[in-house]
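The annotation compositional bias 'Low complexity' is assigned in Swiss-Prot to 219-228. Residues or ranges marked as omega-N-methylarginine by Swiss-Prot: Arg81, Arg261. The feature phosphoserine is assigned by Swiss-Prot to Ser123, Ser180, Ser183, Ser240, Ser285, Ser313, Ser314, Ser331. Residues or ranges marked as phosphotyrosine by Swiss-Prot: Tyr195. Per Swiss-Prot, the feature phosphothreonine maps to Thr250; the stated evidence is similarity to another entry. Marked as region 'Disordered' by Swiss-Prot: 58-81, 219-241, 253-274. Taken from Swiss-Prot, the feature region 'Required for interaction with GSK3B' covers 294-724. What Swiss-Prot records for 516-797 is region 'Required for binding to PKP2 mRNA', and it gives similarity to another entry as the kind of evidence. The feature repeat 'ARM 1' is assigned by Swiss-Prot to 305-348. Positions annotated as repeat 'ARM 2' by Swiss-Prot: 351-390. For 645-684, the entry in Swiss-Prot reads repeat 'ARM 7'. The feature site 'Interacts with SFN' is assigned by Swiss-Prot to Ser285.
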Amino acid sequence: MQEGNFLLSALQPETGVCSLALPSDLQLDRRGAEGPEADRLRAARVQEQVRARLLQLGQQSRHNGSAELDGSAESARGMPRGQYHTMQTGFSSRSQGMSGDKTSTFRPIAKPAYSPASWSSRSAVDLTCSRRLSSAHNGGSAFGAVGYGGTQPTPPMPTRPVSFHERGGAASRADYDTLSLRSLRLGPGGLDDRYSVVSEQLEPAAASTYRAYAYERQASSGSSRAGGLDWPEATEGPPSRTIRAPAMRTLQRFQSSHRSRGGTGSVSGAGLEPVARAPSVRSLSLSLADSGHLPDVRGLDSYTGHRTLQRLSSGFDDIDLPSAVKYLMASDPNLQVLGAAYIQHRCYSDAAAKKQARSLQAVPRLVKLFNHANQEVQRHATGAMRNLIYDNVDNKLALVEENGIFELLRTLREQDDELRKNVTGILWNLSSSDHLKDRLARDTLEQLTDLVLSPLSGAGGPPLIQQNASEAEIFYNATGFLRNLSSASQATRQKMRECHGLVDALVTYINHALDVGKCEDKSVENAVCVLRNLSYRLYDEMPPSALQRLEGRGRRDMAGAPPGEMVGCFTPQSRRLRELPLTADALTFAEVSKDPKGLEWLWSPQIVGLYNRLLQRCELNRHTTEAAAGALQNITAGDRRWAGVLSRLALEQERILNPLLDRVRTADHNQLRSLTGLIRNLSRNARNKDEMSTKVVSHLIEKLPGSVGEKCPPAEVLVNIIAVLNNLVVASPIAARDLLYFDGLRKLVFIKKKRDSPDSEKSSRAASSLLANLWQYSKLHRDFRAKGYRKEDFLGP
């Protein structure tokens, strides 16, 4: 049996040969005993042995004055090292806590009693001690509740703490000190959209209680700034857990090497990489002196050859930012790592430190380390830059001016997930600056698509099976970067549409997420928002040749032709003629590729089905559904023929109206903008307005305010709702009847008379137009008067 699979008992034996293993049923000749009674007796015997053993341990700990058993006590008992043949020499039952200090691992806890349900002969391993060790370094007593940015007290144990990344197993412990912190999901909140048909980005000041790593989570489509509690993925771990950032881990590694030189406990199959010994103060000064940059290290004269500095005995608290910047120019990679880690730590949330670092020329020196021969230096340099430019426009400009974009794209070619996470995070941070978006789009789109989007979406090769955690974060950062760029200028949108493979990668990823049930994923949200933004003003910005093809190659739309120009055997009111528009729409699908590529996806009939699936299946992430509705609003907007074709396709083939109305019932104001805008477009192009009126009118009237105290949606939503009702009332008497029946007149009159702001003026004018059209139904005048309304209410100012 391999050592990694050998499970030791957590109950410490009295002597070296003691064991709590029970005789087998064969040995007791109880194989054929009465089943339940035999199990009960065996469980009772186990409980008695456990209780007696715990009592002995409790007495022994009180007698010794401590619950810890040191190595000398172990040897005094004469525990034979070679008793268990499956164990290697030096492994003891106390080493399973994975701590570096053998004397502080096992802490027996006296428990009063145990029921048969809580103990058995197979439950001997008590993990309480192991949990206590790990919790001390993940939000526990070692750092308290201050988080990463707080002051780090002196850890009680002299050995290096077990980090959050080490708990995942041997594979995740390979790069213990160089792993960058996994960015957690930002939660959504409220941010007003300025446009009804374009996704916008989040303000740089957006904050979250789950933002354990400082960088811009800029987002489009009205993404918000509230805490992360309303996004379910943010609750993967305990909310109170403190996660140490890479800079803190590096500083603590150097600190740990100064405090203790003791060996760590054996870990089965751990395979930890040997960590280079932290340089002494003398080696620091000599190395920097060789390079011509001698730092001002306080207390240097107090150094002796056999002890470290007393001022540094508690860690590297005496390092300042100027010294850390000078370390970046050292020839020793250890010094460069230390300097970058300190800058990363200081610039986490300190605006003054970011400004000071820029004045000390930290930005150009970090850029030179992006493609260093030592990968650990690369990781810490990019991690430091990621914090340095967060919410700091001047540092972003300095990075771009130092040819940082070119160096970042070179680094992106490295096959190291930690580096790629940092690089894509830096690009996302840069994209939050409006004046950098056009340049970023020009310099990065093609390489980012080839190196990240296509491989990780499955569009550029074999089908995507599943992304690992690092790949998921890399793709998330990349789509967040695109989400910001897509909300920029028309030229940037056009460049993104024409970028080979970009739209294909996004559509492929969304389809895959829907197939595997991950439509709530934040990367899906980013991808849908990008498609929404790229669909903005699509028919005005698309290639003329494609637009001509969508308009029917010069063929007249029979639905809009005057009756006198119709040639054929059918009268204008015949059933055959009414069916012609549907046939014409079906024929136009032959003019669109059945296998769309690139920007063809944006107006393809297949994309309507994709958005409809998102509306039906995405229940939790409201930003995804808002973006899907906004994208449909974009491609059905305007007077273009193809907008009408896609509107009728959504209504008649995709049956999208019921999912939309379900969303309207529970939608917030941001969602209502997109949903009501889409329904407005559909109501213009619907063939059967009577059927649509029966489904829509009652739901929309519920959203209208009828008095001063009632909750009122934004003016833009009110205008959309009134426009939908107007489109239906003009063509359908059923809509006028339902509007009267569901008390819509009272609400419309209230909106018409409310003119206390510029926004309410817009909704008042819309209500006046609708009331005037209602008065045209003379058969309803008696019903109007019966409810107390006069002609002046409909036609008056």
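Using N, Cα and C of the backbone, Cβ positions are placed for all residues, glycine too.
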Which numbers of helix, strand and coil residues does DSSP report for the repeat 'ARM 2' (351-390)?
30 helix, 0 strand, 10 coil
Provide the three-state DSSP residue tally for the repeat 'ARM 7' (645-684): helix first, then strand, then coil.
34 helix, 0 strand, 6 coil
Give the helix, strand or coil assignment DSSP yields for Ser331 (phosphoserine).
coil
